[in-house]
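Pulled from TrEMBL, these are the features on record:
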BINDING   A:C35, A:C62, A:C106  Fe cation binding site
BINDING   A:C137, A:C139, A:C172, A:C175  [2Fe-2S] cluster binding site
DOMAIN    A:3-125  domain 'NIF system FeS cluster assembly NifU N-terminal'
DOMAIN    A:135-184  domain 'BFD-like [2Fe-2S]-binding'
DOMAIN    A:221-284  domain 'NIF system FeS cluster assembly NifU C-terminal'
Amino acid sequence: MWEYSEKVQEHFFSPRNAGAVADANATGDVGSLSCGDALRLTLKVDPETEVILEAGFQTFGCGSAIASSSALTEIIKGKTLDEALKVTNQDIADYLDGLPPEKMHCSVMGREALQAAVANYRGEEWKDDHEEGALVCKCFAVDSVLIEETIRSNKLTTVEEVVNYTKAGGGCSACHEGIEEILAGVLAESGQTFAPSAKSVAVAMPTPPAKMTNLQRMHRIETVLESIRPTLQRDHGDVELVDIDGKNVYVDMKGACAGCQMASVTLEGIQERIIDELGEFVRVLPSQAMPRAERAYG
Amino acid sequence: MSTDTGIQGIYFDNNATTMVDPEVVEAMLPFFTEQFGNPSSMHLFGNKVGLAIKKARAQVQELLGAEHDSEIVFTSCGTESDSTAILSALKAQPDRKEIITTVVEHPAVLALCEHLEKEGYKVHYLEVDGKGRLDLDVYRGLLTDQVAIVSVMWANNETGTLFPVLEMAEMAREAGVLFHTDAVQAVGKVPIDLKSSAIDMLSLSGHKLHAPKGIGVLYLRRNTRFRPLLRGGHQERGRRAGTENTASIVALGKACELAMEHMRHEQTIVRQLRDRLEQGILEAVPYSFVTGDPDNRLPNTANIAFEYIEGEAILLLLNKLGIAASSGSACTSGSLEPSHVMRAMGIPYTAAHGTTRFSLSRYNTMAEVERVIQAVPPIVAQLRKLSPYWSGQGPVEEPEKAFAPAYA
């Protein structure tokens, strides 16, 4: 069974905006029947302001396809078309607290449905600009088509090069046999043969750019906060982690820190430390800034 | 995913694996503790274990109807047995470079054959018709002195469809070709009598018949030319080196004895349960159909295609109600295509992704069947409401034209 986040499950079991929008003036049909995921997105757009008034989806697909569709419609409602087009597939995945690597294509499908619908609204023709192959590297979610194309355009000949150019195979290394096969196939196109070296492939991946699991990420953030607390406690203050929601880290400033004029400076300092540790941008906010509905859980 | 509904789970996924029978657990437990000896040892500790293995071997022999107990070789799983059989045939007959198998085999055979193709072997994949049946005339035409081995499954894991392996083995014998059958789904569900057959090798897997995981058998007919996969110690008469998995061997023996006792039950009661389940679901759910060959299949398996919806979504909703089944959709396997078995039968994509397999066992009851019959129709309706191919009470007109998405 896939490891779906609570949020994915929630959007699958109770999808938002399911069904076609009545009087829709934009439609986007994308997906692949052979893969078993296809989506029709219908929008009702205000012709004056180009604001998306209503969004509805109809999806033939798995749990994460339905959840991604539901998330997409929630994200874009109320946005103008131009604003909506800035939504990336990562935004959809983030909204759902992440998707398994094999399922990231569901979020890609969501973004493409949106592009197709906007093109349809504007009377343009939308063409898919990429082809997706079988997933080869599960650590970094790299598919066969990307590997083949990278080998061709960069004239790669070794697994090591493929790892350096695509990241595929840079993790657990279980897919190296598959990468060798792809290399052999592509090299054969130009009459070359793949010559593996006798020694095992030594690949140096400096710092794994892999996305941490939510749990690992949470632990890292906690560790940073724990390391800061003694300093604050010396000044009779304290900080407590309240919640992590995507890029937002909510904390409570306590004791002398609460209401301290330097609080925002302290938050910035904490933010910098966490960004350093995670290698990604986060925003550290006081818990008062949390959206209301979510505070109820806290 | 958790099932916090408080409902006792309903397990209809017995072709994936089965519950270990409590009597089997009881039989194997002493072999972790007081009966820990190595059966190869000369002392008393080993000797008793050796006797227990001998008994287990006889129990397996009986279920398979093998002529000699020495024809039973214990392995670690069905996959090992399949690999051992096929690779042995190739090594023992180096001049024969061809293999005959079918397009609907389990990956244990298919992936090995695809790999062997890369090493220069020629593999003939027998195709199937819409009901998953083979064309024996095509098969006959392929049986030449170039073929090292035929490997054909006894029963298909997805549809339960039975292949005429007895007849096919006779044909292979006449042509002087070795015959292997992957019988992991058939053993314990259909009566087998190998001594009266022309089958040279057969694979079985313990966990499909209420024994634990990690134990399998290769049946190897006496006088079949053989080359071991694992060489080393003299275990299994040198045909499968490695210290015996004693507790699991004892367990498998017990499981085979119980399977023998329950064979009639499997053929009658389990079949009735399956038939009622199938009839109940088909009656209540429009645009659904049985895949495979309904007239010739395992008594426990029902594979139903629900058109216009996707299988993983069905499984997740069933799971929420505590019902376990499996699906032929691409998503459930992490591949880009739906089940190769469904594709081989020409089932269209809009139905293949929605195929759902219910596989029963002697532990299931009619009450469970009725609960599942109640549970399925609303789930299918719920997902169809979301489907772009569905409108109101039925599919949209010309579904494949009405919704033809751009490839993404």
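Backbone N, Cα and C define each Cβ position, glycine as well.
Source: prediction; values computed, not measured.
Listed in chain order, the residues near the [2Fe-2S] cluster site other than A:C137, A:C139, A:C172, A:C175 are A:V136, A:K138, A:F140, A:V142, A:A168, A:G169, A:G170, A:G171, A:S173, A:A174, each with its Cβ within 8 Å of the site Cβ centroid. Distance between Cα atoms for A:C62 (Fe cation binding site) and A:C139 ([2Fe-2S] cluster binding site): 22 Å, as a whole number.
Between the binding-site residues A:C106, A:C139, A:C106 has the most other Cβ atoms inside 10 Å of its own Cβ, all protein chains included. Taking A:C137, A:C139, A:C172, A:C175 as the binding-site residues under consideration, the smallest Cα distance to A:C35 (Fe cation binding site) is found for A:C137.
Mapped onto three states, the DSSP output places A:C137 ([2Fe-2S] cluster binding site) in strand. With DSSP classes pooled into helix, strand and coil, the tally for the domain 'NIF system FeS cluster assembly NifU C-terminal' (A:221-284) is 30 helix, 19 strand, 15 coil. In this structure the alpha carbons, written CA, of A:C106 (Fe cation binding site) and A:C175 ([2Fe-2S] cluster binding site) are 23 Å apart. Note: the domain 'NIF system FeS cluster assembly NifU N-terminal' (A:3-125) comprises 55 helix, 28 strand, 40 coil (DSSP; helix = H, G, I, strand = E, B). By a Cβ separation below 8 angstroms, chain B lies close to these of the binding-site residues A:C35, A:C62, A:C106, A:C172: A:C35, A:C62.
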